[in-house]
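Trainee: Pulled these from Swiss-Prot:
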REGION    1-20  region 'Disordered'
COMPBIAS  1-10  compositional bias 'Basic and acidic residues'
BINDING   G19, H20, V21, D22, H23, G24, K25, T26  GTP binding site
Amino acid sequence: MAKGKFERSKPHVNVGTIGHVDHGKTTLTAALTTILAEKFGGQAKA
């Protein structure tokens with residue numbers, strides 16, 4: 001069965017974080033992802 005063409009309906013954004021080890025980069029990224037998912041109706045993936 002052939003797959004249908006994927007239509008990207010939302011803009012794609014790459015975000016980079018730079019910082020020292022154990023200074024909260026992952027925590028900050030997870031918080032931003034969760035807040036934006038709630039605000040714009042998306043789904044945050046772990």
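Including glycine, each Cβ sits where the backbone N, Cα and C put it.
Situate these features within the shown structure.
Mentor: Remote same-chain residues near the region 'Disordered' (1-20) are listed as 28-29 (criterion: CB distance under 8 Å, separation of at least six residues from the stretch ends).
On its own chain, D22 (GTP binding site) has no residue at least 6 apart in sequence with a Cβ closer than 8 Å to its own Cβ.
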Trainee: Please give me the CB contact count at 10 A for G24 (GTP binding site), counting all chains in the structure.
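Mentor: Looking across every protein chain shown, the total is 12.
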